[in-house]
Amino acid sequence: MIAIGVWIAVAVAFVIYFATAFDTTLIARFGWSYLSGLWVTVSLVAVSFVLGALVSLPVALGRMANNPVAGGLAFAFVYFFRGTPLIAQIFLVYYGFGQFHGFFEAIGMWWFFREAWYCGLLSLALNTAAYQAEILRGAIESVPKGQWEGGRSLGLPRTVIFFKIVMPQALIVALRPYANEIILMIKASAIVAIITVYDLFGETRQAYSRTYDFQTYVWAALLYLALVEALRHATNWAERRLTVHLKR
């Protein structure tokens with residue numbers, strides 16, 4: 001009861017503050033900056049999620065393979081990127097690869113590693129690939145073995161069975177975990193502001209440094225909440241469409 005009372009008091013304090021000290025000039029002054037940062041956040045998360053999904057498939061297959069070399073490499077990849085902080089991974093890419101300026105310039109890749117946005121993209125993609133690999137592995141293993149046996153009884157190749165029979169069922173199982181992973185990525189993407197990427201949080205830091213008004217962070221939080229809520233509704237809609245055949 002005490003905790004509920006504290007939260008109610010905090011909520012009332014926020015309402016009173018915004019009713020008496022609400023500053024519309026902040027929106028007029030920094031609105032476009034927030035929208036620009038929001039676009040950077042959305043594009044960064046979307047592209048890194050897709051790249052992570054592409055990497056996660058061979059990693060997941062390696063985790064399920066009987067080959068000890070493939071299994072060991074896949075396990076090491078997942079173990080490292082899931083076991084170390086994302087901020088450390090970003091620093092390793094941004095500052096670590098920057099130490100090899102001459103090498104990357106010689107092979108024509110310095111244009112990639114000199115840009116903070118690309119370094120953030122690579123870090124997020126590798127990080128989410130490790131998590132997506134485990135999501136995908138669990139989803140594939142949840143598909144009954146009878147699906148494989150049924151495909152083989154029809155004389156279908158393993159690749160056809162996997163991509164036409166097993167994967168569609170596995171992706172339905174993985175839908176919710178994938179949505180949760182995207183939500184975690186949206187929140188974790190704020191870390192890239194540390195390496196001078198002007199995403200939503202980066203623009204918010206700029207706005208606060210010029211005004212010292214904590215409303216700037218409140219607006220950022222509301223935009224993050226709006227992103228998460230939109231994703232939640234999209235996931236619910238997709239799940240309803242994809243599981244119509246399972247409902248009686």
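Note: Cβ is positioned from N, Cα and C throughout, glycine not excepted.
Just so you know, TrEMBL annotations are computer predictions that nobody has curated.
Taken from TrEMBL as is:
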| type | residues | note |
| --- | --- | --- |
| DOMAIN | 38-235 | domain 'ABC transmembrane type-1' |
| TRANSMEM | 6-26 | transmembrane segment |
| TRANSMEM | 38-61 | transmembrane segment |
| TRANSMEM | 73-95 | transmembrane segment |
| TRANSMEM | 116-135 | transmembrane segment |
| TRANSMEM | 182-202 | transmembrane segment |
| TRANSMEM | 214-231 | transmembrane segment |
Interface-richest range of 38-61, 116-135, 182-202, 214-231 toward the transmembrane segment (73-95), CB pairs under 8 Å: 116-135
Tertiary contacts of the transmembrane segment (182-202) (same chain, 6+ residues out, Cβ under 8 Å): 34, 36-38, 40-41, 44-45, 48-49, 86-87, 90-91, 94, 116-117, 119-120, 123-124, 127-128, 131, 220, 223-224, 227-228, 231
Same-chain residue ranges lying at least 6 outside the transmembrane segment (116-135) that approach it to Cβ under 8 Å: 40, 44-45, 47-49, 51-53, 55-57, 59-60, 63, 74, 77-78, 80-82, 86, 89-90, 92-94, 97, 174, 177-178, 181, 184-185, 188-189, 192, 195-197
Chain residues outside the transmembrane segment (214-231) and at least six past its termini with a C-beta under 8 angstroms from it: 18, 22-23, 26-27, 30, 34, 38, 41-42, 179, 182-183, 186-187, 200-201, 204, 207-208
